[in-house]
Amino acid sequence: MSEPDSQHGIAVVLPDGSELDVDADATVEDCAYEIGPGLGSDTVAGKLDGELVAKEASVYDGVNLEIVTDQSDEYLDVMRHSAAHTLAQAVERQFGDDVQLAIGPPTDEGFYYDFDQLDVDEDDLPDLEAEMASIVDEDLDIEREEVSIAEAEDRLADEPYKLELLEELAAEGETVTFYSQGEWEDLCAGPHVDSTGEIGAVKLLEIAGAYWRGDEDNPMQTRIYGTAFESETDLEEFLERREEARERDHRKIGNEMNLFSIQDVTGPGLPLYHPPGKTVLQELSSFVGELNRDAGYDYVETPHVFKTDLWHRSGHYENYKDDMFVFDVGDDEFGLKPMNCPGHAAIFQDQSWSYRDLPIRYAEDGKVYRKEQRGELSGLSRVWSFTIDDGHLFVRPDQIEAEVEQIIEMIFTVLETFDLEYEVALATRPEKSVGSDEIWERAESILESVLEESKMDYEVEHGDGAFYGPKIDFGFEDAIGRSWDGPTVQLDFNMPERFDLSYVGEDNEAHRPVMIHRGIYGSYERFFMVLIEHYEGNFPLWLAPEQLRVLPISDDNLAYAHEVADEFGDFRVEVDESDATLGRKIRAAHDDRVPYQLIVGDDEEADGTISVRDRYEDQREGVDLETFHDHVAAERAEKRTDPDFLQ
RNA sequence: GCCUGGGUAGCUUAGCGGUAAAGCGCGUCCUUGGUAAGGACGAGAGCCCGGGUUCAAAUCCCGGCCUAGGCUCCA
C-alpha cells in the first residue's frame, strides 16, 4: 500500500486497481461520492474485500472497495434482503407481534424468513403477498441505526432468537445495527435498499419447516420462501424457467418413458426398473465395464447380506448402524450391505500378496442399502437401495499417485462422453481421523497435485474429508438446482488396519496397503437421474431404449417394414403396427423420444429405400439401407450425443 | 424424523357434503391414410388405508401410509 496523501487519510483500492485517498472516517458512500456525484447518489451498498456491507459502513486503509449500485449483480441480493424484511413486516401486521423472528437472508433464487409461533399455510400466501405489495406502495424509508448492545437487548426483549444472535454479536463489537421501515424494525447487518418502494416484483413460493440454525435438536420454525425481481417481466421469466425445469424432472420423464417406478407396495426408496430403464442401465454398465477392463480391474461379486461380524470388523456397525438394515436369522445377526468395501477387503484378505502383485483393483456393480430418513427420499436421487459402480484398489503407498491419476482420467472420459457440467471439491482431513500426520499430508498433496495437473477448477473443503482419508468429489446439479455427489475418489487408511491387510515387501516384511475407493458414476441411480434430466429423456442413440422405429405408411407396407427392421436387427428397433395415420405414428415416435424414425411407403418399397426422420423433424427420402446402417453403427460406437445423420 | 402442500381411471387433472367427470392412453369397428393428434363406439375408479361426524362423505374431523418441497446427513 502506498502512503496516503493526508496525514489523517487512508487509501482504498478500487476494482480497476487504482487507489482512492479518503478521510479516515469515510464510509462506502463517501468514497462513491469522491469518485463522482452520480455514483454517490446511486450507491446502494458496498463490498469490502468481497464482503457485502451497508453503504454507511466505514472503509479502512488498503481495503478493496467495490461500489454496489442498482446496476450491480449484488443489487438483487440487497433488494431481496429488503423483501425478506417486508415479508416479516407483513407477517407481523397480519399475525400480530407474538410471532417470533429468526433470520431472513437472501438466497441464490430469492429469500426466506424463518418464524416461530406462526401458524400459517399456503392459503395465507396471497394475503401476505398483498400486504407486502401495500408495504411496497407505502414506499417506507428504510433506515439504518447503530445501537448499543444494551439498548438492543431492550428492544429485542420479546424476540428470543434475536437475543441469542445478539449474544454472539456482543462478543464481536460494542454496537449492532437495526434496520427499520415504518412501524417495523429488525436486528440486521444489512445492507438494504433505501425504501420499500424500491422492491420490485415479489412472489411467495413455499412454506417449509426449518430447524433453528439447521440443528435437529433445535425447535422447528416456519420458513416462508419467496423471490423478488426488479420487474414483473423478470419474475415471470423466473417462474417460467422454474416450470420448464419441472418438465425436465427425471421422475416425470421416467414415468413418461416407462424407465422406472417406485411403488407403494414395494416400499419407499426402492425403485423398480422397467425394461426401457434397465436397457439404459445396462449400456451404462457395459461402458464403465470397458473402462474398467482397460484399466486393469478385475470384477468380483459379493452378496447383499453379511453377518454383522463383518460390519463390526469394518467399523460400520459402530459408526453406521442407524443407517443399516439389520435383522436376526436364528442366533445370528445379519445386515444388508451399506457399502461394498468390507466385502472387497475380505476378498483381498483371503490370500497373501507380494508387493509385485499390487495394485489389486476390484470392481463390482454392487447394490447397497442405506436406511435414509424417509423425508429425504426423492425419485432416484435419494433411495434406500442403489447400485454403485464400485471399485476398490489395494495399492502400495508409492502407487497412490498413478492410480488416482488413472481414476481421474476415467472420470473425465465419462464426463466428456456425456458432456456433463460438474463441480469438483477436494475434502481434507477432519478433526476426528485415523492415520498418521505424514500419510495424511502425503495423501492430500497427491490429490491436490493431480487436481492441479488436470487444470480443472476445484474447491478445497477443509475438514470435510472422511475420517479414514481425504477425497475428491464430483458434484452434479439436478433440474431444480439441487446438487448431488457423483463420481468420487477416496483414500482409506482405516480399512486396511481394521482388516489387517498386508503385502510382503521387497524387504520380506509385511506392509500395510492403502485402499482407494472410487466410483466413476457414483451410483447408477443418481447418474441415471442426472442423465435423464441432462438429455430431457432424449438419450444419445447408444443409450436410447428404442433406437429406431419403422413407420409403415399403410398396412400394405407392413411386410417391407419388417424387412427393414430385420436389416437393423443389431439395433433396438420396433415396427409401428398400429392402425394409425402417418402423422399419428410420427407424433407417437416423437413422444417416445425415439432418435430415428424410418418411414416406409410404396415409394420406398419400390426402390428398396427408407425415409429417415430424426427427433429434430429433419428428413431425407430415398436413403439406402446400407448407408444408414453404416451411419448409425458409427454413431452408436462413438457414443455421439445427438442423432446426426441429417445434421 | 420434523414442517407445509398433495393422493380421484394406466397417465394428467377437474369435482370439495346430495347418482363419480374430462383429455390422453387402451379395446373394437370404419378408414389404407405421405410427415407432430382421421372418425365412431366401448371398456376402465374399494375417489390411498382405518376410524369418526352426518339422513347422506371423494368432499368435513382424527390417525396411519405414500408422495412433493424444505431442515440435518449422505452416492
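These residue numbers are counts, starting from 1, taken along the chain as shown.
Glycine too: its Cβ is placed from the backbone N, Cα and C atoms.
TrEMBL labels come from automatic prediction, so no person has curated them.
Binding site for Zn(2+) per TrEMBL: A:C341, A:H392, plus A:H517 from the candidate set A:H250, A:H511, A:H517. Taking the mean position of the Cβ atoms of A:C341, A:H392, A:H517 as the Zn(2+) site, the remaining same-chain residues with a Cβ inside 8 Å of that point are A:M339, A:N340, A:H344, A:A345, A:D390, A:G391, A:L393, A:Q490, A:D492, A:M495, A:M515, A:I516, A:R518. Confidence in the domain 'Aminoacyl-transfer RNA synthetases class-II family profile' (A:280-552), given as mean pLDDT, stands at 91.
Within the same chain, the residues at least 6 positions away from A:H392 (Zn(2+) binding site) whose Cβ sits under 8 Å from its Cβ are A:N340, A:C341, A:H344, A:A345, A:F348, A:R361, A:Y362, A:M515, A:I516, A:H517, A:R518, listed in sequence order.
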